[in-house]
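Notes for the one structure printed next.
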Amino acid sequence: MNDPRSQLLALVIGIVVFLVIATVIGQVLQRRLSPDRTNAGIENLNARIFAWWVMVALLGIAFIAGRAGVIALFAFCSFAALREFVTLTRTRRADHWALAAAFFVVLPIQYYLVATDWYGLYAIFIPVYAFLLMPIVAVLRGDTERFLDRVAEVQWALMICVFCVSHVPALLTLQIPGYEGRNVLLIAFLVIVVQMSDVLQYVWGKIFGRHKIAPKLSPSKTVEGFVGGVASATLIGAALWWITPFSPLQAGLMALVITLMGFFGGLVMSAIKRDRGVKDWGHIVEGHGGLIDRLDSVIFSAPIFFHIVRYGWSLT
Amino acid sequence: MTTIENSQPPGGKTSGALLRAMAAPVASALILLFARAVTAVRAVWSNDGPPTRQCVYFANHSSHGDFILIWTVLPPRLRGMTRPVAGAEYWLRSWLTRFIGRDVFNAVLIERERATRTEDPIDRMAQTLDGGASLILFPEGTRNQGDDPLLPFKSGIYHLARSRPDIEFVPVWISNLNRVMPKGEFVPVPLICTVSFGRPLRLRDGETKEPFLDRARSALLSLSPHAGEIP
């Protein structure tokens with residue numbers, strides 16, 4: 001099972017079988033319990049399963065297209081996420097150049113740096129260069145009203161939607177001895193663990209949930225769901241050690257870090273939505289919320305996962 | 001046919017017209033794609049769903065792209081029968097705007113300058129309605145670039161309603177497009193836009209100008225996301 005192709009094939013078959021079973025269960029539940037589509041829980045489950053099919057199809061196409069395909073896919077995700085994020089910011093006319101620069105200069109440069117594997121620059125490009133240059137672009141227009149709020153919001157949008165998201169394809173640039181040609185499986189590991197954690201927290205919460213964990217932020221999240229979801233997603237991560245360069249114990253610990261970051265990332269992003277008075281970030285597919293709603297956990301876990309793997313396993 | 005429709009350069013009529021007819025669907029597909037890429041535009045219909053009959057859409061106007069967004073979200077069947085009403089002097093100023101305005105959007109080009117015009121805009125809109133088309137109209141008359149959410153309406157919409165009293169008027173609020181491309185900017189910033197459709201209204205028996213304009217304007221304002229909020 002050390003051949004990258006057979007590993008990827010085994011993983012793809014496993015995922016497709018899982019999704020087929022999930023789809024059948026979802027449809028049966030809908031026929032039985034929500035024939036008129038009024039049961040929010042079942043509709044949410046089916047929306048998730050549908051989103052998974054889309055995710056698997058897109059990731060599958062990108063993996064076949066190789067590194068360029070994966071980078072293009074996540075660059076597009078960054079673009080769509082940034083479009084959703086900036087829509088909710090309270091920018092003014094004077095921010096126009098800075099916003100145009102965020103979309104058409106900063107985003108392409110960040111992904112170009114990832115594509116050319118220039119780690120020394122892409123790790124600091126947005127936190128240092130964009131951080132200093134964007135407020136300069138904004139200040140040249142001379143509008144001081146809520147200036148700090150405005151530049152902070154634009155910087156946050158770039159960090160979340162471009163910097164963090166770009167660390168998913170950056171996993172492909174790591175050079176891990178004995179793991180050559182299989183880096184794409186690190187992306188699969190990250191995405192599977194995050195998605196399993198999200199849905200298992202939901203399932204555990206629905207079945208055993210009693211105590212709300214963050215009533216003001218996310219009324220549906222419970223302590224029972226959190227503990228059960230994190231524990232079971234960690235076990236799933238450990239069971240997937242064979243697609244990673246980690247031992248089973250290390251894979252479990254990685255999955256634990258990923259699920260914790262994902263959970264708290266979800267809370268942070270809900271706090272922003274509540275502040276802006278919206279339920280979803282956008283409507284990328286009608287009734288399925290925005291892209292950021294589907295990506296929030298990945299956004300928070302990707303850079304941390306990247307840096308732990310890079311520190312512990314990579315040569316570069 | 002009016003003088004505006006026939007103001008093509010002499011000689012280029014047959015081959016030019018064929019070329020334009022072939023290029024128009026391509027240009028239309030590109031404009032739709034571009035509008036969706038930049039704005040991810042989404043329609044919010046009233047409870048009755050998309051209009052099923054011929055009507056006049058009237059919308060707030062803050063950008064040259066306004067009617068493009070309405071046109072983008074309309075289902076293809078409605079889009080094919082919907083013609084924007086636009087100022088002739090803007091859309092006839094170069095071959096490109098002429099091509100986009102006339103061949104792609106099939107705009108009803110009206111002359112705004114009262115002193116020099118050869119035809120009454122209301123007559124022209126009424127005739128277009130008689131031909132079975134729906135119209136997109138901006139009753140503020142000009143692009144709103146100030147801080148007011150909506151300028152006072154010009155009376156044209158009332159005169160149109162009076163000359164064709166059976167036609168329904170559908171209010172359409174376009175939000176965020178003025179942030180995508182504020183006045184004087186040439187690079188659009190991608191932001192999510194929504195186009196909200198309200199319930200149709202119609203001229204009531206004996207309704208005079210001011211009450212009708214007020215009713216139409218408040219129907220439109222009520223669709224704005226900040227209705228009732230202090231700006």
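Note: Cβ is positioned from N, Cα and C throughout, glycine not excepted.
Per TrEMBL, the features are as follows:
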{"type": "TRANSMEM", "residues": "A:7-29", "note": "transmembrane segment"}
{"type": "TRANSMEM", "residues": "A:49-82", "note": "transmembrane segment"}
{"type": "TRANSMEM", "residues": "A:94-113", "note": "transmembrane segment"}
{"type": "TRANSMEM", "residues": "A:119-140", "note": "transmembrane segment"}
{"type": "TRANSMEM", "residues": "A:152-172", "note": "transmembrane segment"}
{"type": "TRANSMEM", "residues": "A:184-204", "note": "transmembrane segment"}
{"type": "TRANSMEM", "residues": "A:225-243", "note": "transmembrane segment"}
{"type": "TRANSMEM", "residues": "A:249-272", "note": "transmembrane segment"}
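When Cβ-Cβ distances below 8 Å are used as the criterion, the transmembrane segment (A:249-272) is approached by residues 88, 189-190, 193-194, 197-198, 201, 214, 217-218, 221, 226, 229-230, 233-238, 240-241, 281, 292-293, 296-301, 304-305, 308-309 of the same chain, each at least six residues removed from its ends. The transmembrane segment (A:152-172) is not in contact with the transmembrane segment (A:225-243), judged by fewer than 3 CB-CB distances under 8 Å for residue pairs 6 or more apart in sequence. The stretches the transmembrane segment (A:49-82) and the transmembrane segment (A:184-204) meet in space: the count of Cβ pairs below 8 angstroms, excluding pairs fewer than 6 apart in sequence, reaches at least three. Outside the transmembrane segment (A:94-113) by six or more residues, the chain places 71, 74-75, 78-79, 82-83, 86, 121-122, 125-126, 130, 133-135, 137-138, 140-143, 150-151, 154, 157-158, 162-163, 166, 169 with a CB less than 8 A from a CB of the stretch. Tertiary proximity for the transmembrane segment (A:225-243) is limited to same-chain residues at least six positions away from its ends with a CB under 8 Å from its CB atoms, namely 1, 7, 11, 182, 185, 188-189, 192-193, 196-198, 200-206, 208-209, 213, 249-252, 254-256, 258-260, 263.
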